[in-house]
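Report on one structure; see the data block that follows.
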Amino acid sequence: MAAAADSKGPLHKHNVANRLYKSSLLNTVCIVAGISIFFFGYDQGLMGGVNTTRDYAERMGFGHYSEERGLVVVDKPLLQGGIVAVYYLPGTLAGCLLGGWLGDKYGRIWTIGVACIWCVVAAALQSAAMNANWMFCARVLNGIGTGILNAITPVWATETASHKSRGQFVAVEFTLNIFGVVVAYWLEFGTSKYHDPTSSFIWRFPVAFQIVPLIFLFCIIWFMPESPRWLVKVGREEEARYILGRLRGEEGEDAIAAEAEFQDIVNIRNLEDDTAKQQSYFHMFFGIGSGKLHTGRRVQLVIWLQILQEWIGIAGITIYGPEIFTIAGISSKDRLWVSGVNNITYMFATLICVFTLDRIGRRWTLYWGAIGQGICMFVAGGLARATINAEGKGNQSQIGGAATFFVFLYTAIFGATWLTVPWLYPAEIFPLQVRAKGNAWGVVGWSIGNGWTVLLLPTIFNKLNEKTLYIFGAVNALSIVAVWALYPESNQRTLEEMDLVFASDSIWTWEAEKNFARLKAENPQLVQAAKAGHGVVDAEQGITTSRKASLVARNGQGNAAPANKSGADETEKSSVSHL
């Protein structure tokens, strides 16, 4: 075991994969990926507090400070919303497409490093902004950098994690995401107490603080292992085999399972190369040249899943929640504390997903989340109206308190369900050859959904008030039907198996599952790593027990046995003809 814990392989001598092993290596990857997701959460939670600061509102020209009311009065809501919205459109929208291309071409690690530098420059420009035009440009640049990170980090995480714990892996990262929101909120709460309320320090320091996790991430990312799947994609198979051995194990059955997973990746790469030749974003969107891989269908699924995530109500609760607190009779000072506690509850609720996502699956997580969220939306809407009608009757605060409870409950349910799955699913379902680009399409959906809601919801709430919550409740109900009919399960399936899941010509999940079962039976060489730890070469090429023994015998040198490549090629050609 000592040899396994400190190995010498084909990687740079300072790479952590040479020293860390199995769970310690996986946990390190998870934490490092989590730093990127933490930055994303911090950046999302940042502008809510910045928009309420006196110097920022007056410097950007969208509002003024009312001495009588003791708060910022927004005179130009379109300008205020525009500064926020350009982060998503065109910022993250362009950034994710760039990140997907960079990630597939130059690797996951290199792309994350470049994105860190980009975001540091953008954050510095934001913190130094002197007018609205300056801030517009800085926000777009920051959005591009964040889009690059969002496109590539979940892919890197899922490609290194085991298929049995992939959901847990990403769920932990999104706990850190909401921790970023919490840190942003309370840091801004702290700076709001600064002795000079007119100082720009109140908003500039929180904006500049996002540079801290970025510098830390940039300094350590170069010592992390590259995705073994990307390494196979570009032909660096020795490195990929070595990293898989360090991630899964280099002794006994672990070594056999790692070799099996490696062979599955190689076989699927060959299959994808033979069945799909077009890899541009245009070809992906329309499914041109994808053959039985049906990338166009996958693109549509991930875009709409992210848009649904915004329209099931989280954006609405973010905007209308403070109004519910107000009509409940909560003072402006206490509202800050209530919102802060709600964010903390939100963060802890995400831990539920860590323990449930790999147990009940992606689909059931979305089902029970939509049911709970829908109920909360309808009840909160009704209670909000009842609170307004109860004004002057003596029971307004009690009804308002009940409405506030359902705001908290909705946020907790969302954190435990719909927060994570729309980010995990795109990183799981795309073919190896375009996985980073595929995940980028999910970020496209998120950018559209966020930009859309930021611009439209203030106007919708102004016209419909609490009735808007009923719309969100209805969308939750519709989302259950959409997930049931269109979104196949990815839980407990290897990334390589997902190509077989989407091989069906039908868009319906039940047809996809039938077709998957048939293809799995006809092509066992493509899916063996998900099972008892025996490689594809065992099933298809008659490798004997002595061959398995030789795999174990080589573990002391940190190397798994090479595959019989010619045999694999023969098998692969046969597989393609079946598909």
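From the backbone N, Cα and C atoms, a Cβ is placed for every residue, glycine too.
TrEMBL annotations: computationally assigned, not manually curated.
Per TrEMBL, compositional bias 'Basic and acidic residues' is recorded for 567-579.
Marked as domain 'Major facilitator superfamily (MFS) profile' by TrEMBL: 29-491.
As annotated by TrEMBL, region 'Disordered' applies to 553-579.
Feature annotation from TrEMBL assigns transmembrane segment to 20-42 (among others).
Summarising the annotation, TrEMBL assigns transmembrane segment to 78-102 (among others).
Residues 36, 39, 99, 102-103, 134-135, 137-139, 141-142, 144-146, 148-149, 152-153, 156, 204-205, 207-208, 210-211, 214-215, 217-218, 221-222, 224, 226, 436 of the same chain, all 6+ positions outside the transmembrane segment (109-128), place their C-beta atoms under 8 angstroms from a C-beta of that stretch. The transmembrane segment annotation in TrEMBL covers 109-128 (among others).
According to TrEMBL, the feature transmembrane segment maps to 140-157 (among others).
Taken from TrEMBL, the feature transmembrane segment applies to 169-187 (among others).
Here TrEMBL flags 207-224 (among others) as transmembrane segment.
Among the features that TrEMBL reports, transmembrane segment is placed at 301-321 (among others). Below 8 angstroms of C-beta separation, residues 48, 339, 342, 370, 373, 377, 407, 410-411, 414, 418-419, 421-422, 425-426, 429, 438-439, 441-446, 448-450, 452-454, 457-458, 461, 466, 468-469, 472-473, 475-476, 479, 482, 486-487 of the same chain, each at least six residues beyond the ends of the transmembrane segment (301-321), sit close to that stretch.
Annotated transmembrane segment per TrEMBL: 336-357 (among others), in sequence order. Residues 45, 167-168, 171-172, 174-175, 177-179, 181-182, 185-186, 189, 321-322, 325, 330, 365, 404, 407-408, 411-417, 419-421, 424, 491 of the same chain lie 6+ residues outside the transmembrane segment (336-357) yet bring a C-beta within less than 8 angstroms of a C-beta in it.
Taken from TrEMBL, the feature transmembrane segment covers 364-384 (among others).
Annotation source TrEMBL lists transmembrane segment at 404-426 (among others).
Packing against the transmembrane segment (438-457) from elsewhere in the chain are residues 81, 84-85, 88-89, 91-93, 95-97, 99-101, 103, 143, 147, 150-152, 154-155, 281, 284-285, 295, 298-299, 302-311, 315-316, 319, 422-423, 425-427, 429-431, 468: each is 6 or more residues past its ends and has a CB under 8 Å from a CB in it. Annotation source TrEMBL lists transmembrane segment at 438-457 (among others).
What TrEMBL lists as transmembrane segment is 469-487 (among others).
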Contact count check, CB pairs under 8 angstroms to the transmembrane segment (140-157), set 20-42, 169-187, 364-384, 404-426, 469-487; argmax is 20-42
Two-stretch contact, the transmembrane segment (469-487) and the transmembrane segment (364-384), at least three Cβ pairs under 8 Å: yes
Can you work out which residues elsewhere in the same chain, 6+ from the ends of the transmembrane segment (169-187), have a Cβ less than 8 Å from its Cβ atoms? 26, 30, 33-35, 37-46, 48-49, 153-154, 157-158, 161, 205-206, 209, 339-340, 343-344, 346-347, 350-351, 353-354, 357, 415, 419-420, 423-424, 427
